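Enquirer: I'd like to ask you about the structure that follows.
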Amino acid sequence: MIVQEPVQAAIWHCLNHYDYTDAVFLSERLYAEVKSDESLFLLATAYFRNGQKDHAYHILKDRTDASAQCRYLFGICAYELEKYAEAEDVLLENQSGSNSMDNIVEEFGDQAAFALVLLGKIAAKTERKARAIDAWKRALKLNPFLWSSFESLCKIGDKPNPQNIFQINNMENLSMCHGNSINNIESVVITTNAISQDNQETFNTPPPSQQILTNFNPNMNAKQLCTPEDSPLAAPLCMSGIRPIQGTRKVMRVKPETGSNSPQPTFGQFFDSPSDYGSPTFSQPMLPGSNSHHQSLAKRMRAQVDLFINRKESIFQNCKPVFSQSTNVPATKTPTIPLAIQPCQNVRRSSRLFSNNYSVKENNKSPNRNKFATPKSPSRKTKQRISKCNLNKNSSYTELNTRNKMEKEKSETVTSSETEKSAIPPSATAESCIEQAIQMQRQSAEGLMCLLRDIGEAYLDLSQFNCVTAIERLNSLPPNQFNTSWVYCLLGLAYFEQADYETCVKYFSEVHDKEPYRLEFMDVYSTALWHLQKEVVLSALAQDLVNLNKNSPITWCVSGNCFSLHKEHDTAIKFFQRAVQVDPHFPYAYTLLGHEYITTEELDKAMSCFRNAVRLDPRHYNAWFGIGTIYSKQERYRLAEMNYAKALSINSRSSVILCHIGVVQHALKETEKALATFNTAINNNPKSPLCKFHRGSVYFALGRHAEALKELEELKEIVPKESLVYYLIGKVHKKLGNTDLALMHFSWATDLDPKGASSQIKEACDPAFGRSNPDIETPASPSPEEYPSESNSEPRAAPINYNGLPDDSEDSF
Amino acid sequence: MSLKRASNVDPIKNERAGNVREVGSQAIWSLSSCKPGFGVDQLRDDRADTYWQSDGQLPHLVNIQFQRKTTISDIYIYTDYKLDESYTPSRISIRVGTHFNDIQEIEVITLSEPSGWVHVPIKDIRDKPIRVFMIQIAVTSNHQNGRDTHMRQIKIHSPIETPNIPMDNFLNFTTVELQQHATIR
């Protein structure tokens, strides 16, 4: 044992400071020395964080007797390496035969929530939707901080109820979220030896990893860890060995900034009350941040700091035994308890305090990070602010709370109250301090939960495509949260789904200006720009992203969109293929690639792309829409209609999909249905020009000219520059016999579109002169837009041209 | 060296305009003869500084065979008298058909010190683009009676058709306001 501890502590130290090479080296040596579970776990963690997932996978592979944390890490490695069956097996290893997840909680303790999240992800990848939903729901019940599970539930089509999910019901729950926070408390500053005695007594169960105060080499790290000029923050920080450099000063500076910028956050800032160190003067009950005035906060801070400076000597001495948890410094009074885990915890804990890093594990998927951090990593701004808040925390309780990292600590059954009690010097205010601490903890968590509930509602609405409600909810978030990139991106996405591309682009451009290095959702932004045909902005965006990160599929999607807009489809295809190569699990890349293939008429390749997209994400309605488009190009209208209907079932409010369905129905000669569909589309989205246009053309095809005319006239108001509108009006007039009006509209149409890209205008001349009506002769669908089929590359004739094209419209290949 | 755009002939511009598509990539190219290192790849690499050099007897042939009957609207050939002098073709015959034994000459063009892209529009007697399985570009004589020929680049354009389907009308709106709603991407 003696061999392990300092080395382990050193390894964790390296890991916490991102020096993975050394960590790997040291853990290899340690493992060679002591082949225990713990050292194996450490070795695997070092490999994993160093990016050597396969190495970690292989060393953990065949250990049947591995501890829960090893199994969990193995599960993660296997998942990353796409070995889903093995991952699942190892997580469910000790389940009695059945596939149930009921025993996970006992098995994994603190890690149970994460194990469940992983099980859910595995089930999702292996297309077991119900099981995935079940797993994620359980995970959320255990640990409501896991926003990503909520997101996954929404994405997979389930409708979780944020009000129920994001609740902190009892302290037990909270402790589960924090991992061994309760445990962590002991490592916190313990001012007198007597306290440590208390620690001993007040534990219900003897947790293996509780006492830091083991005898070992007290001075070795202490010197390194603490410096005399420690700021109040320093004291606890010493534990991690982090020099709490200029902590105080930082604190001071920071306070006014954070305070003045925004109203107090509802969570994350309230642990300013310095009710630690047992000083009676500090046991001012402190309300959650939202209620506190930042000035008083600053005052308290200053007072606190002063006090700490005065007491730092004593603290220092007292802390010394505590500090070297990494080295298991013993308190003279307490017996040594071999701490396999504790040193690591402690080191990590304090580093967490300052770095506000979200995970000790790099691939920590759960956003259950620092409780003070916002759940989904939104903007750096908020993060910084919160980390600054963290710096302000002087109390030991803040450390308690900041150590809420879910790790592999063995779960404790000690309730927080007990442990907190233990950490307090035996002063009169000890108990009340603890209660305050608990109170504050709860309030902080509650603040976060409140936010999560709101965001959860908005996100749920968005994933069900209730865009309007989603936008409302997002707009009603508190301003400091609202001004984060993530929320803006969600708003942009909501507008995008409504096909309101202008507003969408507005939000996204703000996001991009604020944070040019943010990559998520930029693919949506690029598609919106593509729709709006804003070439310059899109090119600039593509350039920025390519310079930023060539390894993300989003970059290549954006570049592909850019080239597609420039009509260089081959290059666009090349880039989308690159996006697929970079990340084969990104469905949107496949969808975009499919659309490009459609444009280059490679329909079979397009079909396979869309199918891939759908396989990856069955709710990706763009892909279903693409499949429908392919079928409609192949004139298999029934199949097209089915696929469009599938897309519609996912996103029921999209008027574009409804339009397409209407057109297909019309092609199938089910005009009544088509009209009904168009009516629905227009009801959903009264200003949508596309629906009006198609409804007008259907009326025209049906011979209901008056209605057609009315429709098209309205459309003319909405979109005055669209040549096709005038062309259609011209045709209606022609049908009605108003030749002069018809000619007028045709000439307007040609004016607006001189290139005649809509080659339909060529026919304008013939009907204008009462020649045989091409309508009647058109073999296929009656829709007026059929004309182009007959004249592929006609030289464009002016509307009035007797000589031109006598035979054209009648000819067909 | 980038391909020079003659004043009025620019195949790329038309491609960008969205009316036509370059379909050479859908075809199989073969040559009657070539010097090693100066073959089909150099003819199709989008670079004006590489060229095909034939190595046999006149007429020199470029055969382009499609897998399906393809509509062809234009052929563009890039040659440069200043660089190639006697290697520059002076008379080119375009033959089309279904296979080697079933092709007919539809076009003969005479070049006189060309420098850049030469545009050969392809139309049948009814002035419509033709639908063929195979195109053969034959160089029947060169400038200064040279024996071999250099050809730097060839592009084949096919019009983007709007077939008989209502769907495609979606893509033809002129204004952005309507076009943005035309489809889901």
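Yeah, the Cβs are placed from backbone N, Cα and C, and that goes for glycine too.
All annotation found in TrEMBL is predicted automatically rather than curated by experts.
Just lifted these from TrEMBL, have a look:
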type: COMPBIAS; residues: A:258-267; note: compositional bias 'Polar residues'
type: COMPBIAS; residues: A:352-371; note: compositional bias 'Polar residues'
type: COMPBIAS; residues: A:387-401; note: compositional bias 'Polar residues'
type: COMPBIAS; residues: A:402-412; note: compositional bias 'Basic and acidic residues'
type: COMPBIAS; residues: A:777-795; note: compositional bias 'Low complexity'
type: REGION; residues: A:255-275; note: region 'Disordered'
type: REGION; residues: A:352-428; note: region 'Disordered'
type: REGION; residues: A:764-813; note: region 'Disordered'
type: REPEAT; residues: A:113-146; note: repeat 'TPR'
type: REPEAT; residues: A:485-518; note: repeat 'TPR'
type: REPEAT; residues: A:553-586; note: repeat 'TPR'
type: REPEAT; residues: A:587-620; note: repeat 'TPR'
type: REPEAT; residues: A:621-654; note: repeat 'TPR'
type: REPEAT; residues: A:655-688; note: repeat 'TPR'
type: REPEAT; residues: A:723-756; note: repeat 'TPR'
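Can you walk me through where each of these features ends up in the structure?
Expert: Look at the repeat 'TPR' (A:113-146): DSSP puts its residues at 27 helix, 0 strand, 7 coil.
Counting same-chain residues at least six beyond the ends of the repeat 'TPR' (A:485-518), those with a Cβ under 8 angstroms from any Cβ of the stretch are 376-380, 455, 458-459, 462, 465, 467-468, 470-471, 474-475, 477, 524-525, 527-529, 531-532, 534, 537, 541, 544, 548, 651, 653-656, 685, 688.
Within its own chain, the repeat 'TPR' (A:553-586) has Cβ neighbours under 8 Å at 519-520, 522-523, 525-527, 529-530, 533, 535, 538-539, 541-542, 545-546, 592-593, 595-597, 599-600, 616, counting only residues six or more beyond its boundaries.
Helix first, then strand, then coil: DSSP counts for the repeat 'TPR' (A:587-620) stand at 27 helix, 0 strand, 7 coil.
Non-local neighbours of the repeat 'TPR' (A:621-654) in the same chain are 465-467, 497-499, 587-588, 590-591, 594-595, 598, 603, 606-607, 609-611, 613-614, 660-661, 664-665, 667-668, 684-685; each lies 6+ residues outside the stretch with a CB under 8 Å from one of its CB atoms.
Mapped onto DSSP classes, the repeat 'TPR' (A:655-688) shows 27 helix, 0 strand, 7 coil.
Per-residue confidence over the repeat 'TPR' (A:723-756) averages out at a pLDDT of 84.
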Enquirer: Same-chain Cβ contacts of the repeat 'TPR' (A:655-688) under 8 Å, 6 or more residues past its ends?
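Expert: 498-499, 621, 625, 628-629, 632, 635, 637-638, 640-641, 644-645, 647-648, 694-695, 698, 701-702, 718, 781, 783.
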Enquirer: What residues in the same chain, six or more past the boundaries of the repeat 'TPR' (A:587-620), come closer than 8 Å to it by Cβ-Cβ distance?
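Expert: Result: 155-157, 523, 527, 553, 556-557, 560-561, 564, 569-570, 572-573, 576-577, 579-580, 626-627, 629-630, 633-634, 650.
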